[in-house]
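K.L.:
Provided herewith is a single structure, encoded as structure tokens, for subsequent inquiry.
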Amino acid sequence: MDEFCNSTFWNLSLLKSPEADLPLCFEQTVLVWIPLGFLWLLAPWQLYRIYRSRTKRFAITKFYLAKQVFVVCLLILAAIDLSLALTEDTGQATIPPVKYTNPILYLCTWLLVLVIQHCRQCCIQKNSWFLSMFWILSLLCGIFQFQTLIRALLQDSKSNMTYSCLFFVSYGFQIVILILSAFSESSDSTHAPSATASFLSSVTFSWYDSTVLKGYKHPLTIEDVWDIEENLKAKSLTSKFKTIMTKDLQKARQALQRRLKKSQQSPEGTSHGLTKKQSQSQDVLVLEDSKKKKKKSEATKDFPKSWLVKALFKTFYVVILKSFILKLAHDILLFLNPQLLKFLIGFVKDPDSYPWVGYIYAILMFSVTLIQSFFLQCYFQFCFVLGMTVRTTIIASVYKKALTLSNLARRQYTIGETVNLMSVDSQKLMDVTNYIHLLWSSVLQIALSIFFLWRELGPSILAGVGLMVLLVPVNGVLATKIRKIQVQNMKNKDKRLKIMNEILSGIKILKYFAWEPSFKEQVNSIRKKELRNLLRFSQLQTILIFILHLTPTLVSVITFSVYVLVDSQNVLNAEKAFTSITLFNILRFPLAMLPMVISSVIQASVSVDRLEQYLGSDDLDLSAIRHVCHFDKAVQFSEASFTWDRDLEATIQDVNLDIKPGQLVAVVGTVGSGKSSLISAMLGEMENVHGHITIKGSIAYVPQQAWIQNGTIKDNILFGSEYDEKKYQRVIEACALLPDLEMLPGGDMAEIGEKGINLSGGQKHRVSLARATYQDADIYILDDPLSAVDTHVGKHIFNKVVGPNGLLSGKTRILVTHGIHFLPQVDEIVVLGKGTILEKGSYSDLMDKKGVFAKNWKTFMKHSGPEGEATVDNDSEEEDGDCGLIPTVEEIPDDAASLTMRRENSLRRTLSRSSRSGSRRGKSLKSSLKIKSVNALNKKEEVVKGQKLIKKEFVETGKVKFSIYLKYLQAVGWWSLLFIVIFYVLNYVAFIGTNLWLSAWTSDSEKQNGTDNSPSQRDMRIGVFGALGIAQGIFLLSSSLWSIYACRNASKTLHRQLLTNILRAPMSFFDTTPTGRIVNRFAGDISTVDDTLPQTLRSWLLCFFGIVSTLVMICMATPIFIIIIIPLSILYVSVQVFYVATSRQLRRLDSVTKSPIYSHFSETVSGLPVIRAFEHQQRFLANSEKQIDTNQKCVFSWITSNRWLAIRLELVGNLIVFCSALLLVIYKNSLTGDTVGFVLSNALNITQTLNWLVRMTSEVETNIVAVERINEYINVDNEAPWVTDKKPPADWPKKGEIQFNNYQVRYRPELDLVLKGITCNIKSTEKVGVVGRTGAGKSSLTNCLFRILESAGGQIIIDGIDIASIGLHDLRGRLTIIPQDPILFSGNLRMNLDPFNKYSDEEIWRALELAHLKSFVAGLQLGLLHEVTEGGDNLSIGQRQLLCLGRAVLRKSKILVLDEATAAVDLETDSLIQTTIRNEFSQCTVITIAHRLHTIMDSDKIMVLDSGKIVEYGSPEELLSNMGPFYLMAKEAGIESVNHTEL
């Protein structure tokens, strides 16, 4: 090589001088060829990747041109260099070959760079990481030649002037190109710039600067956050996961079958049952739940296992592999620093060492820590994004599974439990994925630590290793116990959330009956168990952490003791001690993290089991539902038998039924006859026993309990279909919605609350019907859609929509109905009884047969009178009038005084005119509605007052208020906080003492000139060192245990306050707040306060005191370091402050964007039969994926913000290491080896601690947001006090007299009055019927009596007491209501009747007897203890309503309110309820709100409401003779006098 350069290639003597240098030949060959070799080796792979990308997006940009121009300049410089070499080669002097080869190599290299840059610009448009690495390598290798040439020039050597100038210019160009490579092309895309960021920008996360700057200037909004790349979106992830999951799940199912065969267990043993909201109601009661409970616990053990983790690994193996490589590289570099520390101590101790050696060590130490930081942060980015994508995949997969889950499988999961899978379990998997590599990395680090410690201390290390081995089984036992507790705690969380879901769903019933304390006690009882388990969990976890924190200290004490005791020649000097201490510090991290990761894996394994069971459950089996295109029947049942549960008898038995296309078929039957089950079977919601159903065409479905989405009325009706104005107007007119839309603020753009909370029952049903009518389906399945509407509205809807001349005429219509007066108009009637068809045929055929139908018809006619006989008039003018508003008294002609024939004819003419004016009014409403819709679309910013119901979730901005920290610390307890801090301070005082004592111990050897000191001195050193180490552990244990108890009390306090306040919130709060949003507080936020926040606070305190103690020790050893610490501290704090605003707001956005995911899921599950019937699963899935992606982009941005900060703060830590090393080199003559070891061993530790402090600071502020969100709901305005000092007499109300004095009320302050000056007197024991069209204010009147709505003026006086002056529970506890929607809660029947256990069993059985349920309940195996499923879904609507009657009979208050209680039941159940009320409440005041006029014709008085005012009030006889609005309504119902109806 000497001949190649014509100079010396290598000379070791050049390094043995104060001014060492490398030979120029070495610099011009090896250091030139290293970067060029790197480029040429990787170039083929790079070009192949570019070729494979196949995307042609070439664009000439300034950056591209600038880089190409500078490379061309380098090309020109290489050409000049070559030409100069050729010019110099005159033959007289020998030109060394290096002069030719290097320019030629550079010429080829720069040409290759030009090609690569051009190709990347065409195809990838992202700077190459390997080109950036090439420029960095080239500059690093060139720096040696750079300084050699400068030295030569300084020595006046002009022989190389030309070459030197060319080199300097070339070096400058390379620096410029590297700087240009750090920038990326600007993009107009809404996606994060990470996809197009340069290599340097990627590793430093500089592409995120703009977001941090934006977040610092003003609080970030969702629009400010970059969108995520397509491959990270839910649709892309689930698509890939689904493919892999299907294969692995199939294998797992096969393995399950093999297991079952081996254990000789029958697969039929699995327990299933009814699902939630099956077709919204069931006429079948599933018996013997108790029998199946035992089976269920056994069955849940048998499900496909061990497939989820495999499927996730196969889905994300590329990212896992990349993060593995980065972590491996980081771990290897981690062990270079102890060796460099050893060399640096040796350098300081050696007085003859050259200064440049020390500087090299300092630079190497800085370089190693810097590269470590880059590797670590890139590794973290990969892992956290992996965790995010795993969570997204799980959430999206759970949602997707919910759309296809079979009813038998779905029954095992309540909405609350499934939301838990999406929120808690997916989060557990995300957490464990973030740190999954630590499982092998910790083992590797422990192994390498032991290896290097062996090199330092020899076999003595085995004593320490032995101790670690002994502690492994202890940790294993603790970990097993932790898992068991975790499993139990997850069950407790599920139970608590299940009850919370029910409470929030039935909050109105709780308020009506003043049952909040009972349900609060139930939640608190579960919460108590949950906190007890949480305490045990935290105690075991603390002991585990204590053992692992103490392990490195004990290991170092034992190792050093054994080392100095086994051989008197073994001297503990600074090099051995502090190199070992640095290795022990490295060992501390894996030993601390390994149990935490194992604990996370254990927790995640519980979640994996739960997810495997759910995702592995059976899907709907639709094989028995055959959809055909060419068939002469619309629907055909062929020997069809279906069941809700395979363990029970078939609900639908051997049904044979043919329905022709275009037919209107009515399905009738008594309660529990199987009407809704027949429909559910058609929809594929039931299990097939045998036979099949053939269906031709698409289906539209109207459920018995209307399912309404949270959105506008228009959105609900369109239901994803395109808007056709003419069709839309026809539908809303036909469904009698025009008057309602006129009254609603915003018209059809008015927002409907969750589950249609701000609509009346009738309005909900009509919106549900309009949704189906708007769809262009072939078959319409209508499950009693007319039950909740007024008689005249029902007739209008039948004529305009369902009947022979309605919008759906010509379509196949299957109508389940209790309104028998429509039956003469249908094509065929199907009579069901006990799941079989008793009779079928036309109305006339069945009447002629004189069978079951004819017999029941006559029975009902006796009870219902002319209303039942009324046929539907097809006169179009009258139909138009039916949907009009009730005419006011002024509209009735003055001469209508008597009911003579002449007057009747006159009235008919008046009615005809009224109908025509009603028709005109309908048209004017239609036009006004159009205007409203257009205005709403064109001027979205001008929101009509009251149009917006659901409030947008409030997002706090700016720094978390100090009051929130105080709120939490107050809950923790100030004394507890003081003692926790004291113990942490004592822990670190002991830590500093340990380091100082070790420093003094190592200095003994230097004082003794390398010989061993006296045994007594040695023993004292060992004893004190060990005592200080143990003291550290004891103080840490004390602080941790104290914090556990304190934080548990904080959790208990916050949950109690939250629950209490939510239960005391007024109904207006629940009207405007989605359930999912409230549940999120009880699920995610409470979980954070329980688990995450206490751990984060403990970690923050450890990190904070760790850094303070380290800096104190460094400053004690080298006081001059204070000068460096000040600017570095300012930089550290400023960067953190700069960042924290962004991180904090992103966490808030994360929390806010989570709620819609869960709300949408709850909404989807409750409306699954409708969604599946309309085949809209894909649309709902896309909507869910969109909401998940919105949340994802906040999470991704937050993850990146952490990396952005960490890389900058680690740079601060690395500078501390560099400055410490540099100062030690500069002041080496005044320092000893133990001081150097003492300073640097702590400085090396600070980088990691600084990083953790930043993360913990961010985590504390992030997690304290949970307290902020909980506090937001703790401070929600309460309704009036439950109990006040002014208590009514014990027997109040004694008479039941009710007096309304100019009573006014509105739903919310910004809305208009709904009751406008109601004044009337209701006497004791009077029976008052309240009538009026939908929206007239009937239900509002009920709400006022119970003070669900508070007065806006006037008063209500009951028995001489103003109800506003007493407590709510004193009022509500003395009144009784049978509500419109019969809501039951999960629990036994007894609890549903008497949650406070106030009544004896005898009283309850009597109430059941009077409610006509005694024989039914007595027939149940568990009787009163029979379990009711969530929402009472294992009871039919009729049975639920009878149970509500039982509640009323049991309470037997002096005042009873029936709020349209019989609207959704058949006439038989209606008759039963009316009979009981008439007999049992004869001495009570009864207010009945009814649609069926015959139910109130025996009332003492009737109140007619319209637009919030009383338009008529008097006895039925008076009102009929007045020929006012009530007379018109009675006329429509076929009732002309009180005598015509009998009840």
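Residue positions begin at 1 at the first shown residue.
Keep in mind that glycine also has a Cβ here, set from the backbone N, Cα and C atoms.
Annotation comment: Swiss-Prot describes 1-26, 89-92, 147-164, 333-358, 564-585, 991-1031 as topological domain 'Extracellular', evidence class similarity to another entry. Taken from Swiss-Prot, the feature topological domain 'Cytoplasmic' applies to 48-67, 114-125, 186-311, 380-435, 481-542, 607-969, 1053-1095, 1139-1209, 1254-1543. The region 'Disordered' annotation in Swiss-Prot covers 260-285, 903-927. What Swiss-Prot lists as compositional bias 'Polar residues' is 263-283. Here Swiss-Prot flags 635-859 as domain 'ABC transporter 1', drawing on sequence analysis. According to Swiss-Prot, the feature compositional bias 'Low complexity' maps to 908-917. Annotation source Swiss-Prot lists domain 'ABC transmembrane type-1 2' at 977-1262, citing sequence analysis.
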K.L.:
Over the topological domain 'Extracellular' (1-26), what does the predicted model average in pLDDT?
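P.N.:
Reported value for the topological domain 'Extracellular' (1-26) is a mean pLDDT of 66.
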K.L.:
Counting only residues 6+ away from its ends, which parts of the chain sit with a Cβ under 8 Å from the topological domain 'Extracellular' (333-358)?
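P.N.:
Counting only partners 6 or more residues beyond its ends, the topological domain 'Extracellular' (333-358) has Cβ contacts under 8 Å with 17-20, 364-365, 368-369, 371-372, 375, 445, 448-449, 452, 574-575, 578-579, 582-583, 586, 1221, 1224-1225, 1228-1229, 1231-1233, 1236-1237, 1240-1241, 1244.
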K.L.:
DSSP on the topological domain 'Cytoplasmic' (1139-1209): how many residues come out helix, how many strand, how many coil?
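P.N.:
Tallied per class, the topological domain 'Cytoplasmic' (1139-1209) gives 68 helix, 0 strand, 3 coil.
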K.L.:
For the topological domain 'Extracellular' (564-585), give me same-chain residues lying six or more residues beyond its boundaries with a C-beta closer than 8 angstroms to one of its C-beta atoms, as numbers and ranges.
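P.N.:
For the topological domain 'Extracellular' (564-585), the far contacts come to 335, 337-339, 341-342, 345-346, 349, 449, 452-453, 456-457, 460, 552, 555-556, 995, 998, 1001-1003, 1005-1006, 1010-1012, 1018, 1022, 1232-1234, 1236-1238, 1240-1241, 1244-1245.
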K.L.:
For the topological domain 'Cytoplasmic' (380-435), what are the DSSP-based totals of helix, strand and coil residues?
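P.N.:
Secondary-structure composition of the topological domain 'Cytoplasmic' (380-435): 49 helix, 1 strand, 6 coil.
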